[in-house]
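J.: Here you go, one structure.
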Amino acid sequence: MGNRGMEDLIPLVNRLQDAFSAIGQNADLDLPQIAVVGGQSAGKSSVLENFVGRDFLPRGSGIVTRRPLVLQLVNATTEYAEFLHCKGKKFTDFEEVRLEIEAETDRVTGTNKGISPVPINLRVYSPHVLNLTLVDLPGMTKVPVGDQPPDIEFQIRDMLMQFVTKENCLILAVSPANSDLANSDALKVAKEVDPQGQRTIGVITKLDLMDEGTDARDVLENKLLPLRRGYIGVVNRSQKDIDGKKDITAALAAERKFFLSHPSYRHLADRMGTPYLQKVLNQQLTNHIRDTLPGLRNKLQSQLLSIEKEVEEYKNFRPDDPARKTKALLQMVQQFAVDFEKRIEGSGDQIDTYELSGGARINRIFHERFPFELVKMEFDEKELRREISYAIKNIHGIRTGLFTPDMAFETIVKKQVKKIREPCLKCVDMVISELISTVRQCTKKLQQYPRLREEMERIVTTHIREREGRTKEQVMLLIDIELAYMNTNHEDFIGFANAQQRSNQMNKKKTSGNQDEILVIRKGWLTINNIGIMKGGSKEYWFVLTAENLSWYKDDEEKEKKYMLSVDNLKLRDVEKGFMSSKHIFALFNTEQRNVYKDYRQLELACETQEEVDSWKASFLRAGVYPERVGDKEKASETEENGSDSFMHSMDPQLERQVETIRNLVDSYMAIVNKTVRDLMPKTIMHLMINNTKEFIFSELLANLYSCGDQNTLMEESAEQAQRRDEMLRMYHALKEALSIIGDINTTTVSTPMPPPVDDSWLQVQSVPAGRRSPTSSPTPQRRAPAVPPARPGSRGPAPGPPPAGSALGGAPPVPSRPGASPDPFGPPPQVPSRPNRAPPGVPSRSGQASPSRPESPRPPFDL
């Protein structure tokens, strides 16, 4: 080729393949190579063995090649083989190479007939090979055998497509000559991925096994079934030759003799056979690499830029340098502190758009989950009134009280305040859980130092647990402070006079039925989940919740109201999701066992996320719709047992007024307590836990890490990180070397140009049989035409027969003769004759011969 740099291209690509295969990125970079495709038992592996000159590939019946074999042939003075997975081991016995291929295949695919797309990289050094890189792929098959899955045909096809769809991959389409070439699996795949034929090279095997009297001359001359890069014929060893231990050197000599002695192929002998195929593939692969150099250079440069920043940290890396470890430790601690603060306080960078995280989840706990838990702890209305009535009667004792006792108010309030402890402690637990989760998220960046990550998580988590006790003590102190003194002079407390006035107003409202303007608590979309399919199925509506009722509309314009439901006597319960449902569901039901909506005992409402469900539940709590409790039925039965007392209560108007007054006072004071607790709980947790943890990370974490032991052990890298660093450095140097070699290559080197396009429509129609089975190209002398005058020099095919009588006088056109064998066996093959236009014969004269004076005018010809 006149340029030493061009000869180095194939070894360069081999080095790139090894470097990229080692780091698992071979599929990302489209390296120039040759993929060998063909049907099962088409002779692909035999062609590769002929290249090497050794028996080294597994043989047998059915599918033998079950993993892609990347075969890198390197011209060298000594002969040996190396596997990428057996680094440093040289195989001089090629029988061991065969056994290693079988063993490596079984390690991944199993001992039966399974397949895998993971390639085996084999490099063969030999003085008998040219620099070449080929990929031997599993043969295409139709029927699964052994433990192969039923879709083995599609699995193999998908594996082939991973290689042949790449623009830089040449396709070596191997087809046997003794089968219909127009139905060749290899050519079908090649046509599908390379419709222009720019990457496809045809190989015809088993030429010696064709039926007697047939040959593939027209195919090999690229006339019958043309490909842009043409065909090359080879003759492999038969099974008898293999069983007889016929070596490949003798097989190549027999192949050469076959082409020289065969009458149909002797004129093509210098362009047939395995040595010529190897030479052509070497030349075409080298030219293909040269043609793809600009694109390959761009991909290499982009790959280099993508890893350059990371490799920059590794260039001067010294594992035992104490200064490096100290610097890395300081950087890791500082990065962890910054990440933790950003996750808690919020930041514009690295925003999670899929779910809430860090501070956003804690905010949701403070302002949605905690208020919800507070409201859940309130008494049921009937139970609360019953307890107030018992308290009033027990305070009066044997006497009949004339005034409402304030001791009843204090007793009920203290009982209510004590119940706040549970949701407050639960709030602390939820915040702790989120903090620990945030710590683990922030330490993910420390994966390269597993000991440091483990120790850092342990120290910070231990500190959070220590602050947990202090925070819970302070929360309990807040509740005890509320229990210590009932401040009935609070500016927001209604007092006895206002409570009695409100009680009277409520009675008037019940009798008059007048309604003031109602405040809207929440609006939003919900899906009614339990409507039957016959009635339209689940539908989404626009819901409006107020303190008095729940309404839903067709859309958010609120023009077409579908239904309005009173919230009196309603409660909430959770509903399990259906098997195929992705929505989260809760239900409304009537405590008096009445239908809630039409014929339904409960109204099932669905949301997309659990957060929406929790938010709607909190809104329903504000409207007085509480969750169902486990003890509701027991309390209901107790109420029935004490039905006489309830009846007596309802019969005593004075007691009923006193109960209503205390109820209003309790509501007013508990609203003050809840407001205070909802305000102080986030502040307490922020001060004692979250802010304290941030300060600990910034000021004391590093000191704790230094005091925990040996820093060298703490900063030990993980094995995965060390391996990744070595692989990244190896790939970086391989990329730099590749770009350096490519830069030295003269890309203007003259090479064999791409052949011109050919008519390959036969691949689409696929109706032409393989081989020269028609008499149009029979090489044998069995069907010779009668002796005819010699043809003009340079003419193709036999001369036409003598003209029929009357043809010189303008009669019917001559009937074409059936072509026979070419008189010159080394001359060009005969052309395939076209169908002549049929013309009617001339009308003969009475004498049986046309008169010279009255020539017979021919009738105009017509086409059938």
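Just so it is clear, glycine is given a Cβ too, placed from its N, Cα and C backbone atoms.
Note that the structure is predicted; figures quoted are calculated from it, not measured.
These came from Swiss-Prot, pasted as-is:
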DOMAIN    28-294  domain 'Dynamin-type G'
REGION    38-45  region 'G1 motif'
BINDING   S41, G43, K44, S45, S46, R59, G60, K206, D208, D211, N236, R237, Q239  GDP binding site
MOD_RES   Y80  phosphotyrosine
MOD_RES   Y125  3'-nitrotyrosine
MOD_RES   Y125  phosphotyrosine
REGION    235-238  region 'G5 motif'
MOD_RES   S306  phosphoserine
MOD_RES   S347  phosphoserine
MOD_RES   Y354  phosphotyrosine
REGION    767-864  region 'Disordered'
MOD_RES   S774  phosphoserine
MOD_RES   S778  phosphoserine
MOD_RES   R796  omega-N-methylarginine
MOD_RES   S822  phosphoserine
MOD_RES   S851  phosphoserine
MOD_RES   S857  phosphoserine
J.: Report, in whole Å, the straight Cα-to-Cα distance of S347 (phosphoserine) from Y80 (phosphotyrosine).
T.: 60
J.: With N236 (GDP binding site) as the reference Cα, tell me which of the modified residues Y125, S306, S347 is the closest one.
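T.: Result: the closest of the modified residues to N236 (GDP binding site) is Y125.
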J.: In the same chain, which residue numbers or ranges, 6 or more beyond the ends of the region 'G5 motif' (235-238), come under 8 angstroms Cβ to Cβ?
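T.: Here the qualifying positions are 43, 46-47, 50, 205-209, 246, 248, 251, 254-255, 258-259, 273.
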J.: Here are some recorded positions: S46, Q239, S306. Which one has the most Cβ atoms within 10 Å of its Cβ?
T.: S46
J.: At the level of the C-alpha atoms, what whole-angstrom distance separates S306 (phosphoserine) and S46 (GDP binding site)?
T.: 41
J.: DSSP says what for the region 'G1 motif' (38-45): how many helix, strand, coil residues?
T.: 2 helix, 2 strand, 4 coil
J.: I need the CA-to-CA distance for Q239 (GDP binding site) versus Y125 (3'-nitrotyrosine), whole Å please.
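T.: Each residue's Cα considered, Q239 (GDP binding site) and Y125 (3'-nitrotyrosine) end up 27 Å apart.
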J.: Helix, strand, coil residue numbers for the region 'G5 motif' (235-238) per DSSP?
T.: 0 helix, 0 strand, 4 coil
J.: Kindly assign Q239 (GDP binding site) to one of the three DSSP-derived states: helix, strand or coil.
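T.: In three-state terms, Q239 (GDP binding site) counts as helix.
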J.: In the structure shown, which of the binding-site residues S41, N236 has the fewest other Cβ atoms within 10 Å?
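T.: So among S41, N236, the binding-site residues given, the one with the fewest Cβ atoms within 10 Å is S41.
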J.: Name the secondary structure element type, per DSSP in three states, that contains S347 (phosphoserine).
T.: coil
J.: Please identify, among the binding-site residues S41, K44, S46, D208, the one with the smallest Cα-Cα distance to S347 (phosphoserine).
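T.: In terms of Cα distance, S347 (phosphoserine) lies closest to K44.
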J.: According to DSSP, does D208 (GDP binding site) sit in a helix, a strand, or coil?
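T.: D208 (GDP binding site) sits in a helix per DSSP.
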J.: Within 10 Å of the Cβ of S347 (phosphoserine), how many other Cβ atoms are there?
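T.: There are 14 such Cβ atoms around S347 (phosphoserine).
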J.: Within 10 Å of the Cβ of D208 (GDP binding site), how many other Cβ atoms can be counted across all chains shown?
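T.: Result for D208 (GDP binding site): 15 neighbouring Cβ atoms inside 10 Å.
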J.: Only counting partners 6 or more residues apart, tell me which same-chain residues put their Cβ under 8 Å from the Cβ of K44 (GDP binding site).
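T.: Non-local contacts for K44 (GDP binding site): V36, V37, G38, T65, D136, L137, G139, V174.
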J.: Hey, how far is D208 (GDP binding site) from Y125 (3'-nitrotyrosine), Cα to Cα, in Å?
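T.: Here the two Cα atoms are 31 Å apart.
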J.: Taking 10 A as the limit, how many CB atoms besides its own sit near the CB of Y80 (phosphotyrosine)?
T.: 16
